[in-house]
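**Student:** Submitted below is the structure of interest, expressed as structure tokens.
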Amino acid sequence: MPCLLVAGLGNPSAKYQNTRHNIGFMVLDFLSKELDFDFSFDKKFNAEVGAINIGPHKVFFLKPQTFMNLSGEAINPFVRYFDITHTFVIHDDIDIGFGDMRFKYGGSSGGHNGLKSIDSFMGDTYFRLRFGVGRSANKNVVEYVLSDFNAQEREQLEGLIAHAKEAVMSFCNMAQYPKEHILTHLQQYFTLKIPKLTPSQTQNNESFATQFSQMQYTRFTQG
């Protein structure tokens, strides 16, 4: 049975669990609940690992316990040991707005230390879900990504993480096709650009449940 790997990046320890840098872990935790599988620690790979069958594939879900900057130390040996056909990495991205999602295969790490670590071990030949967290005007990058999502962002997270879950499922169901077809499909149907709230929406503190039903998400194909 062909094997796939979905890896979410983050830092272990409870103090990091709600931080922007841990969005990869958050998506995998949501998948665990929705798809009814459990994570268990695998000492061989220094990672939390879960697995289920989706269609013709065995799909592994992995949360490295190495800390972000050493993510490749867990992912690379896992990919080699199980002869993984395709790897899909979910990570935070400060270069796109909060909640925006983009997909790519290969290419630059964009300065993300978790991706740098993976690339140093196995190159850049893997799929990526770039989950936008935006930037801060007041905090440096490290302080910002290691801080918790704010209250307004937390209201939106559940719907956004659910969208990311659907993208993961689509990847798993299409994994038998050439990587170019998989990437085009993800970019066309799951790329997300969140309309920014107007000042009145922000002042009125509208719930995301209401906003979600009204928003017209803009999907676009990356060049």
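Keep in mind that glycine also has a Cβ here, set from the backbone N, Cα and C atoms.
Swiss-Prot lists these features:
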ACT_SITE  HIS21  active site, proton acceptor
BINDING   TYR16, PHE67, ASN69, ASN113  tRNA binding site
SITE      ASN11  site 'Discriminates between blocked and unblocked aminoacyl-tRNA'
SITE      ASP92  site 'Stabilizes the basic form of H active site to accept a proton'
**Student:** If you take the centroid of the Cβ atoms of TYR16, PHE67, ASN69, ASN113, the listed tRNA site, which other residues of that chain have their Cβ within 8 Å of it?
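**Tutor:** Nearby residues not in the site list: ASN11, HIS21, THR66, MET68, LEU70, SER71, GLY114.
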**Student:** Out of ASN11, HIS21, ASP92, give those recorded positions positioned within 10 angstroms of ASN69 (tRNA binding site), comparing C-alpha atoms, in sequence order.
**Tutor:** ASN11
**Student:** Among TYR16, PHE67, ASN69, ASN113, the annotated tRNA contacts, find the widest CA pair distance and round it to a whole Å.
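**Tutor:** The span, Cα to Cα at its widest, is 16 Å.
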**Student:** Please identify which of ASN11, ASN69, ASN113 has the densest Cβ environment, defined as other Cβ atoms within 10 Å, among these recorded positions.
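**Tutor:** The residue with the densest Cβ neighbourhood is ASN11.
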**Student:** For ASP92 (site 'Stabilizes the basic form of H active site to accept a proton'), which of the listed binding-site residues (TYR16, PHE67, ASN113) have their CA atom within 10 A of its CA?
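**Tutor:** Hits: none.
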**Student:** If I restrict to non-local contacts, at least six residues apart, and a C-beta distance under 8 angstroms, what lies near PHE67 (tRNA binding site) in its own chain?
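**Tutor:** Those within reach of PHE67 (tRNA binding site), by Cβ under 8 Å and sequence separation of 6 or more, are ASN11, PRO12.
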**Student:** Do you know offhand how many angstrom separate HIS21 (active site, proton acceptor) and ASN113 (tRNA binding site) by C-alpha?
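**Tutor:** Roughly 11 Å, rounded to the nearest whole number.
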**Student:** How many neighbouring Cβ atoms, not counting its own, are there within 10 Å of the Cβ of TYR16 (tRNA binding site)?
**Tutor:** 17
**Student:** So, three-state DSSP: helix, strand or coil for ASP92 (site 'Stabilizes the basic form of H active site to accept a proton')?
**Tutor:** strand
